[in-house]
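**Q** So TrEMBL has the following annotated:
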- 39-56: transmembrane segment (TRANSMEM)
- 84-122: domain 'Homeobox' (DOMAIN)
- 86-123: DNA-binding region (DNA_BIND)
- 131-334: domain 'TLC' (DOMAIN)
- 136-155: transmembrane segment (TRANSMEM)
- 180-199: transmembrane segment (TRANSMEM)
- 262-285: transmembrane segment (TRANSMEM)
- 305-326: transmembrane segment (TRANSMEM)
Amino acid sequence: ILKTLNSWFWWENIWMPINCTWEHFVDRDGLVFPKPHQLYATIPCAFVLLIIRFLSERYVAIPLAKALGIKNVRRVKPQPNPVLESFFRECSKHPSQSDIQGLAKKCNCTVRLVEKWFRRRRNLEIPTVLRKFQEAFWRFSFYLASSIAGFIFLYDKPWFYDIWQTWVGYPFQTLLPSQYWYYMAEIGFYWSLLFTLGIDNRRKADFLAHVVHHLAAIGLMSGSWCGNYVRVGTLVMFVHDTADFWLEAAKMFNYAHWEKTCNVLFIIFSIAFFITRIILFPFWILRATLYQPTYYSTTPVIAYFLFNGQLLILQGLHLYWGYLIFKILRRFICLK
């Protein structure tokens with residue numbers, strides 16, 4: 001069954017233009033092609049990034065937070081109580097008055113002590129400002145580094161200025177070392193975000209949107225790697241990263257209560273977001289993936305619909321986040 005599913009998944013008609021097979025993508029004559037098995041390297045890369053994150057948060061973010069005036073607030077831990085802990089985890093973090101009275105009798109203590117225990121236990125679940133700052137610092141560092149690296153990798157490439165060049169010579173476009181490392185780092189980063197979803201600061205408004213975004217990003221980048229859509233893929237990654245580090249910088253100064261700096265950075269982020277995600281992505285990237293391939297092939301492969309479907313999902317998320325950003329800007333302008 002697994003062999004059958006594997007043969008179906010790697011069927012040439014899904015990934016390759018007509019009259020192309022996987023045998024055509026053996027390295028030869030100076031041409032190097034991306035290979036699906038290379039994606040296994042993204043998992044070790046994710047763990048390397050997690051180690052870098054731990055070190056940077058501990059030895060760079062914490063001293064920087066202290067320099068900006070952010071204090072590490074130590075919360076009082078409640079006394080160990082297996083009965084209350086079990087109820088907190090399995091039943092409710094906000095017990096009713098009748099539940100509190102029943103727990104007080106079971107633990108042979110007063111109602112006030114049970115209420116105090118649950119209040120302290122709930123406080124432990126809330127991330128401190130320092131923890132939020134550390135997380136924002138890590139994302140800021142990665143997005144800034146990836147944006148700089150992406151620009152260095154792309155600025156001298158013809159497809160960075162002429163989007164039509166992404167399809168010239170396709171599918172026999174050689175893989176550059178810079179493209180390999182760019183992909184490994186980006187996919188590894190989103191794997192690391194998925195691995196830490198349970199311990200990172202949980203966003204109430206758009207937690208599900210982040211999960212969908214991470215999964216779609218990993219699927220899209222992995223699929224574009226297998227189908228050798230690397231040129232378009234690097235442009236998609238660059239467009240996404242160039243706005244994000246402004247948002248993380250705004251968060252960092254917000255936690256430090258540098259209000260004016262935070263406001264300026266958020267306005268810069270909003271401008272960058274609307275330019276890259278609402279204008280460039282649909283009218284530049286999607287135009288190159290939806291419209292231009294029809295000039296090079298009269299029979300689009302199945303991957304054409306799969307990749308464009310995922311790109312349209314990302315654009316839907318862009319519109320959703322753009323709506324949230326617009327609401328914040330409106331409140332900022334109208335309510336000062």
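Note that Cβ sites are derived from N, Cα and C of the backbone, with glycine treated the same way.
The structure displayed is predicted, hence computed values, not measured ones.
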**Q** With DSSP, how much of the domain 'Homeobox' (84-122) is helix, how much strand and how much coil, in residues?
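**A** Per DSSP, the residues of the domain 'Homeobox' (84-122) fall into 30 helix, 0 strand, 9 coil.
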**Q** Report, as numbers and ranges, which residues of the same chain sit near the transmembrane segment (262-285): CB under 8 Å and 6 or more residues beyond its ends.
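**A** Sequence-remote neighbours of the transmembrane segment (262-285) are 163, 232, 235-236, 239-240, 242-243, 246-247, 249-250, 253-254, 311, 314-315, 318-319, 321-322, 325, 328-329, 332.
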**Q** Look over the recorded stretches 39-56, 136-155, 305-326 and say which has the most C-beta pairs under 8 A to the transmembrane segment (180-199).
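**A** Selected stretch: 39-56, with the most Cβ pairs under 8 Å.
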